[in-house]
Amino acid sequence: MGSGKPPLILASGSPRRKALLEALGYPIRVAVPGVEEEGLPLPPKALAQALARRKGEAVQGEWVLAADTVVDLDGEVLGKPKDPEENRLFLRRLSGRPHLVHTAFYLRTPKEVVEEVHTAKVFFRPLSEEEIAWYVGSGEGLDKAGGYGAQGLGMALLERVEGDFYTVVGLPVSRVFALLWARGFRP
């Protein structure tokens, strides 16, 4: 990217989203918006989009990308667990079952706003209490929607993913890259 271009402002505190965008070669400036993520009475997919929009609108800049990921178990949102016990409960509920992961993004360019929601279906394998205790003990799931990270130790919990794996991680990278590229914002 030419030196005269502004950076891509990531309206997210997610180290995973930042790392994904940096892996593509984009210079990133993180601006964590002060947006409350709890309490919106919306269905899971609509909630992901509303939160991404709120985050994006809360940050100034020419090129702004915000995203939010929501884990949807039979229409119920499983957010970030409050503590290890709630993480344990989430994993027990997900064990041996499929669920949906909705990742929404809000991309503001100098000329337009693009908003999309991408969904993947995740299948957990049946988990023993010992496996759940091992994963909860790692602490990895405490800052992640649904209480697990598919790209880290949580990969051991998954049977398979239908759809884009990066949607589960927190950003449909290929789609975001294509949108930025088509608008002349290149690494």
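Using the three backbone atoms N, Cα and C, a Cβ is placed for every residue, glycine included.
In this view, Asp68 (active site, proton acceptor) is surrounded by 27 other Cβ atoms within 10 Å of its Cβ, with every protein chain counted. DSSP assigns Asp68 (active site, proton acceptor) to a strand segment in the three-state reduction. Marked as active site, proton acceptor by Swiss-Prot: Asp68.
For the recorded site, Arg16 (site 'Important for substrate specificity'), the DSSP three-state label reads helix. Every protein chain shown contributes to the tally, and the Cβ of Arg16 (site 'Important for substrate specificity') ends up with 19 other Cβ atoms within 10 Å. The site 'Important for substrate specificity' annotation in Swiss-Prot covers Arg16 (among others) and is backed by sequence analysis.
Residues annotated as site 'Important for substrate specificity' in Swiss-Prot, with sequence analysis given as evidence: Thr69 (among others).
If you draw a 10 Å sphere around the CB of Gln151 (site 'Important for substrate specificity'), it holds 17 other CB atoms from the protein chains shown. Annotated site 'Important for substrate specificity' per Swiss-Prot: Gln151 (among others), in sequence order, evidence recorded as sequence analysis.
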>> So among Arg16, Asp68, Thr69, all listed as recorded positions, which is physically nearest to Gln151 (site 'Important for substrate specificity')? Use the C-alpha atoms.
In response: Arg16
>> Need the DSSP three-state call for Gln151 (site 'Important for substrate specificity') to compare against my parser.
In response: coil
